[in-house]
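> TrEMBL lists GLY163, GLU164, SER165, GLY166, ALA167, GLY168, LYS169, THR170 with the feature ATP binding site. The coiled coil annotation in TrEMBL covers 915-1193, 1298-1350, 1396-1423. The compositional bias 'Polar residues' feature in TrEMBL is assigned to 600-610. Per TrEMBL, domain 'Myosin N-terminal SH3-like' is recorded for 8-60. Residues or ranges marked as domain 'Myosin motor' in TrEMBL: 69-763. TrEMBL lists 1518-1794 with the feature domain 'Dilute'. Per TrEMBL, region 'Disordered' is recorded for 598-632. The region 'Actin-binding' annotation in TrEMBL covers 643-665.
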Amino acid sequence: MAASELYTKFARVWIPDPEEVWKSAELLKDYKPGDKVLLLHLEEGTDLEYRLDPKTKELPHLRNPDILVGENDLTALSYLHEPAVLHNLRVRFIDSKLIYTYCGIVLVAINPYEQLPIYGEDIINAYSGQNMGDMDPHIFAVAEEAYKQMARDERNQSIIVSGESGAGKTVSAKYAMRYFATVSGSASEANVEEKVLASNPIMESIGNAKTTRNDNSSRFGKYIEIGFDKRYRIIGANMRTYLLEKSRVVFQAEEERNYHIFYQLCASAKLPEFKMLRLGNADSFHYTKQGGSPMIEGVDDAKEMAHTRQACTLLGISESYQMGIFRILAGILHLGNVGFASRDSDSCTIPPKHEPLTIFCDLMGVDYEEMCHWLCHRKLATATETYIKPISKLQATNARDALAKHIYAKLFNWIVDHVNQALHSAVKQHSFIGVLDIYGFETFEINSFEQFCINYANEKLQQQFNMHVFKLEQEEYMKEQIPWTLIDFYDNQPCINLIESKLGILDLLDEECKMPKGTDDTWAQKLYNTHLNKCALFEKPRMSNKAFIIKHFADKVEYQCEGFLEKNKDTVFEEQIKVLKSSKFKMLPELFQEEEKAISPTSATSSGRTPLTRVPVKPTKGRPGQMAKEHKKTVGHQFRNSLHLLMETLNATTPHYVRCIKPNDFKFPFTFDEKRAVQQLRACGVLETIRISAAGFPSRWTYQEFFSRYRVLMKQKDVLGDRKQTCKNVLEKLILDKDKYQFGKTKIFFRAGQVAYLEKLRADKLRAACIRIQKTIRGWLLRKKYLCMQRAAITVQRYVRGYQARCYAKFLRRTKAATTIQKYWRMYVVRRRYKIRRAATIVVQSYLRGYLARNRYRKILREHKAVIIQKRVRGWLARTHYKRTMQAIIYLQCCFRRMMAKRELKKLKIEARSVERYKKLHIGMENKIMQLQRKVDEQNKDYKCLMEKLTNLEGVYNSETEKLRNDVERLQLSEEEAKVATGRVLSLQEEIAKLRKDLEQTRSEKKSIEERADKYKQETEQLVSNLKEENTLLKQEKETLNHLIVEQAKEMTETMERKLVEETKQLELDLNDERLRYQNLLNEFSRLEERYDDLKEEMTLMLEPSEKKVPLDMSLFLKLQKRVTELEQEKQIMQDELDRKEEQVLRSKAKEEERPPIRGAELEYESLKRQELESENKKLKNELNELRKALSEKSAPEVTAPGAPAYRVLMEQLTSVSEELDVRKEEVLILRSQLVSQKEAIQPKNTMTDSTILLEDVQKMKDKGEIAQAYIGLKETNRSSTMDYQELNEDGELWLVYEGLKQANRLLESQLQSQKRSHENEAEALRGEIQSLKEENNRQQQLLAQNLQLPPEARIEASLQHEITRLTNENLYFEELYADDPKKYQSYRISLYKRMIDLMEQLEKQDKTVRKLKKQLKVFAKKIGELEVGQMENISPGQIIDEPIRPVNIPRKEKDFQGMLEYKREDEQKLVKNLILELKPRGVAVNLIPGLPAYILFMCVRHADYLNDDQKVRSLLTSTINSIKKVLKKRGDDFETVSFWLSNTCRFLHCLKQYSGEEGFMKHNTSRQNEHCLTNFDLAEYRQVLSDLAIQIYQQLVRVLENILQPMIVSGMLEHETIQGVSGVKPTGLRKRTSSIADEGTYTLDSILRQLNSFHSVMCQHGMDPELIKQVVKQMFYIVGAITLNNLLLRKDMCSWSKGMQIRYNVSQLEEWLRDKNLMNSGAKETLEPLIQAAQLLQVKKKTDDDAEAICSMCNALTTAQIVKVLNLYTPVNEFEERVSVSFIRTIQMRLRDRKDSPQLLMDAKHIFPVTFPFNPSSLALETIQIPASLGLGFIARV
């Protein structure tokens, strides 16, 4: 196919761009040969006319299909060129966050400038044992490939890591070394792998520095050889270094630093051991402050110093040597501060007693004067004499810096030597893997000697790389037997010749260095004369005569000649070196010891270090010899030699290449600069690899993969039985040009672009098929939709017509009804209108008539009122006139009567003067006097009466007067009111007129008010209706709120229940964690135990005389012994903690079962405690009140003041008293609770353990604190739930009591502790005691009489019960007796405990004696029966006749077995050998009863227990355990063996529990089984040992099944295509990936299921406990899920939609297997949940925010890192699928940012769930067990 045919419309191409390097575009029309312009459409939306080069007429590069973008291997791309490589790397780095990519044999590593979680031990385990192409690209994959090839080919390997500074070379090399250390382990316990890794921080501290490009840039090259033994375990390492950048010691550019070690020293200057170094801040030293950047963000130099020292210690560098190193480094810093003063232009001096020089000389141990002299002078030697010449200030400064560089270089080499010595191994090295961390190609604005050497080294490495790539291509073609032509590739041998050949650049440089007056300028002229215009690779800059240009393989580089000679010579004054050699500091002369002769390849390999620098120090006397020759070697010469040696080493190994790329110059994380990346890709040879691959056949497919991928392009007739021939036939039809492909033996080779063409054909075919399928399906759907619509239309019409008819009938009925309704309605309306009008008329009339009547009434009323007013006025006027007239008449009458009286008086006066008159008067007077006397008497009487009446009348008068006075006042007021009323009448008349007017206005207002009232009424009604509606709404809201409250209550209840469940789960998790820790310790212990056994065996072999003796490493032995001791202690601690947690769990489980019997004791205890506290509280309150009163009355304020001394004394005394009172109360409660619990707990049978616990409690009760602790422990064991007694006093009453007791102490001392009262109390107590003793004596006599009538057994129980009752009463009595004396009470309590323990021991001994006597009685009864039978047989017939004959029935008695096996002590080894060591599960054991060995062993133990032979029991159990361990060690890889002994160990453990005699284990036994319980020994400790052994066997079983399953899992669960045709194979590159097509010998899902069936059947056959089988199955499924998910997360080619479907199908098959085996409740399905969710994640939509929300809620078993990783790895297999956008992944990350989960990416496939062994009693009777003869146990007998 012509290439031009691919340039069709919509084809995408790459065009050059100055900014982005390459830009993507799309063709707008087809290309035709001869076109000079291409019409393109750019991605940013603009159109472009792209002109083709008229000379070359090269078309732009075609872009790969999207399906190929993001491939793991760049060689898998159909179009191999620079833009495709750059785009693929960018997509993987930016979009998928993948930093590793294969490019053929090269691993391209892009520095992310961010810590990624892809280097953990779980990742290492995932890559271990995998093929290089099976997993995603990784540095671990390269390391695994090197390790595997070393073991397979037995050939040394090399990993070459190169790249620019800051590209990540050192980190990559470090991770490769970590991989080897982790995977291989070490051959000894000397931790060689840790030492290898420990060399990194040391070398980084002395050889790495901060540059503008990298914070941790390696300023030297190193090659580390990691040595392995024959078993491919690390035994040692060796390091070679190249070209240390010494100039950095004395000079740093802006924003750069010196070597890290100097700043670490300054940061640690305050440490005590560093005081002598007299260091300070880094800014105070000239050599550390020049860069102006002494700190690195995120790096703590003090911590790094601690790491460096720790690594030195690990590598065997002693503290003294470490301090020596730090002294030399500190001396270098102080040397840099030495200053010079110019004396004249040719000489200089150092100030006297110059402090920096003084410190330097003190640290170095040299003479100050001598060093000061030679820093300012130098010695010149001629042929005849020697001169001492002063030097200028500049020369002195340069000499000082040269000395500092030289010292540092020597120290660097010394440290490397010692690191190599620490890593050196005495064991012979079998092979090695070398890791080369070397600088990449460098080009700067100013390039000097260092860049020249670096680029020279890269030229050599690139040549070796090109030859290796070409060799591999050639081997591949020859292997597949296809014709191949010589591929033209860039050969950089001319450039290498230019540098190193005779009269090359290095040769001329060395020659110029030997010239006495050689300069950089003369050397440059020699270069121009020799190579200019003669070598095409050498050029001269136009504007400079001191520079030259070399065309390297990567780029042109211009080198400045200035400084070349000086750096090549590396001169330092000999006199200064002599001064240092004469140092008193012993370590310093060691640095300057002369090295060996020029290192040969073999010697360099052994020493591990290539000297980089030589010091040409000329002696005063010429001494021709080896030393002088050594000093003549220049740096360039040494570097060339070391580089040749390195190339020899690399050529002798199999190289693996890692090219590190720096994505940007600003250290931004995941930022990709295309320009910088292209420069590095060109420089590191990646594009050259691509070019070599593209020149041949870069795309390679196996026939099976090709057939599977392009089956859609074949017709049915094309498919033959031979796949190879089928592929040939199809390719001949599809690609007409046979030069575009070649057929190999196993692969088809395609040239560049052909796979893209096939992919286009396949996509077109699939698209056409999709269109046809869509057309057919859409037609079928539309036809189906049409028929459905037709049926629906007919149905709708039928219903509509019926509905219309019904509507018409309804209309007629409604019309008739409407007419009738209208008639009646109209009549009703008219009548209603008439009634309304009539009612309105009547209302109007009534209102009108009322109005008229009211008007008339008002008029009459007004007239009536006017008449009344007139009447009143006229009457008043008449009365006034009448009064005036009467007054006038009375006045006249008075005047007239006065005149008449005067006249009568005159007449009487005249008559009195006459005698006659007097006589008449006298006679009359006597009579009158008598009358008057009588009248006087009468009047006196009347007077008295009148006086009484008067008195009464006066009171009446006064009241009447008051009334009258009030009436007068009222009348006056009324008069005034009348006057006012007259005035008001007039005003009222005026107001009446006004009121009439107002009435009219009021009427009008009334109408308006009525209108407003109506309106208001309507509004009110509307408001009422609204209020009613609101009321209904409020009622509804109320109902909803009530409903919500109910729901919230339910939710709260559910929440509480859920929290309870979560807490329960958390407790279970904690318990599982503790079990896991304990079982891990057991695993570690067993490993160390095995290691210990191996070492013992090795020691045994070494001690044999035939073998060569090897000295024992006592430090190693002591270390192991110490480690074993620590592990045993940890094991014991973990066991105790595990037992405690299991007891808590069992106690909580038994809580519900035992609640009714325990509740009574709890209630009794609680009531007892509550009564005690209440009584105490009342007493203390009363005392508190009394004391407060007493204190307020009696105490002086100065005494009771808080600061007074008496107060403090009382406080102290009261504190002690209150503490004693608290202890006393607690003791009372303890005794009462114990007595209550013992009443219920003491049974006829008590074990020795109970008495032991009580005895320990008694022994521990030495003080009050221990008694309280004993009470707490007893409370936890005797009660199901604990109680916080502090909660009883949360209201603070005890605090008030405590404050009151402070004052009570004084009163107790002064008043209540008098001698008299104490004597009275003692007398009272003694009397009470006498009385109680009398009562007790009576009770004892009664009980004694009763006990004598009971049988002996009941008598013992009755006496014990009586004793307990007596102790209870006595306890209560003594509690009251010793209430004031806690010490007496404590001693009494201890004696009480002892008596109780004695009683329980007595009871237990009695029980044991009874049981033994019963057994002996049975034995004697049997013997007596046998003797009687024998005697009856021996009696003669005559004797029988003589005796009376009685009919006796004598039954035949069968032999009764006791379920015990008897063996002799000397047969124990034979028993163990036949039953354990030589028993084979596949042989004899298959036909045995499950667990028969366990039963036999237990029956033997029973017999030893019956004989009370503890030595026999101990020996048998120990031999059993050790023999099982030996069997498992010997045949530990056999699943059947491990399963068999796991089952038997568990059965043996269950038997020890079942027949232990403990109630918890006996409740499931039959009465016969309870008789078989152990009687003499408590084997609880051996049960624990057996439990530990079972745990170890279980872990070994898990490891065995993991080793069996692991090779099957990835192939069966991921790679095998269970559902055929769902997924296709994508194109692959040079790295062969495992195909998803099942070839012969590959594992499938059926293989896994068959293996699971095999495991399950074996475990069931061996009689393993069902619960244990469930745990094993759960562990197996976890392994399957974890390994599958881990591989899915590390394989980009597996993350597709079709693979998700395959995984879900496979998981469903596993679930079906669980259902078939009835194991769904084992928890195995839950372990597959992460894998299920990962498969669902591959299949769900991944576009919108709703999809993101669904993913976040669905994937709760996956961590955030795993979800993001799957989304990043998701790869479409077909063009119809879409990639996951970066924005969608960001959305997922934002939604999951609050989720708190582990940052770990992979699941821990090595995790083992903690195992438990639930008690499973056996129903098998021991006496029925038969021992088969096949076991060879004829020497044991049944008892």
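Glycine is treated like the rest: Cβ placed from N, Cα and C.
Given the structure is predicted, the values throughout are model-derived calculations rather than measurements.
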> Return the residues near GLU164 (ATP binding site) by Cβ distance under 8 Å, restricted to its own chain and a separation of at least 6 in sequence.
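Counting only residues 6 or more apart in sequence, the Cβ neighbours of GLU164 (ATP binding site) under 8 Å are ARG213, GLY440, PHE441, GLU442, CYS660, LYS662, GLN680, ALA683.
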> Quick one: give me the count of other CB atoms within 10 A of the CB of SER165 (ATP binding site).
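SER165 (ATP binding site): 20 neighbouring Cβ atoms within 10 Å.
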> Would you list, in sequence order, the residues of this chain other than GLY163, GLU164, SER165, GLY166, ALA167, GLY168, LYS169, THR170 that have their CB within 8 A of the centroid of the site's CB atoms, where the site is the one recorded for ATP?
ASN111, ASN214, SER217, SER218, GLY440, CYS660, LYS662
> Between 0 and 100, where does the mean pLDDT of the coiled coil (1298-1350) sit?
64
> Which residues, sitting 6 or more apart from ALA167 (ATP binding site) on the same chain, put a CB under 8 Å from its CB?
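Sequence-distant Cβ neighbours: ALA109, ASN111, GLY440, CYS660, ILE661, LYS662, GLN680.
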> Within 10 Å of the Cβ of GLY163 (ATP binding site), how many other Cβ atoms can be counted across all chains shown?
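If we count other Cβ atoms within 10 Å of GLY163 (ATP binding site), we arrive at 27.
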> Return the residues near GLY168 (ATP binding site) by Cβ distance under 8 Å, restricted to its own chain and a separation of at least 6 in sequence.
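Result: ALA109, ASN111, CYS660, LYS662.
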> Taking the Cβ of THR170 (ATP binding site) as centre, how many other Cβ atoms lie within 10 Å?
23
> Other than its own, how many Cβ atoms are within 10 Å of the Cβ belonging to LYS169 (ATP binding site)?
27
> Let's see if you can do this one: DSSP helix, strand and coil counts over the domain 'Myosin N-terminal SH3-like' (8-60), in that order.
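Looking at the domain 'Myosin N-terminal SH3-like' (8-60) with DSSP, the answer is 0 helix, 24 strand, 29 coil.
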> With DSSP helix as H/G/I and strand as E/B, how many residues of the region 'Actin-binding' (643-665) fall in helix, strand and coil?
9 helix, 8 strand, 6 coil
> If I restrict to non-local contacts, at least six residues apart, and a C-beta distance under 8 angstroms, what lies near GLY166 (ATP binding site) in its own chain?
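Residues satisfying the criterion: ASN111, THR211, ARG213, ASN214, SER217, LYS662, LYS667.
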